[in-house]
Amino acid sequence: AAPCFCPGKPDRGDLWILRGTCPGGYGYTSNCYKWPNICCYPH
């Protein structure tokens, strides 16, 4: 996934293109929506 950044997060996340939710099984704990993509943390 491409790197992305959310406000208030010190590290980068994974950018998932054209998704409204983060996929399961990757250990993501938080996210922020960047229409039409989503940024999932931690990468």
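In case you wondered, yes, glycine gets a Cβ from its N, Cα and C as well.
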Cys4, Cys40 - which one Swiss-Prot pairs with Cys22 by disulfide: Cys40
Disulphide pairing with Cys4 per Swiss-Prot - partner from Cys32, Cys39: Cys39
Candidates Cys4, Cys6, Cys39, namely the disulfide-bonded residues, that fall within 10 Å of Cys22 (disulfide bond) by Cα distance: Cys39
Long-range Cβ environment of Cys32 (disulfide bond), under 8 Å and at least 6 residues apart: Cys6, Pro7, Lys9, Gly13, Ile38, Cys39
Rounded to the nearest Å - Cα separation of Cys40 (disulfide bond) and Cys4 (disulfide bond): 8
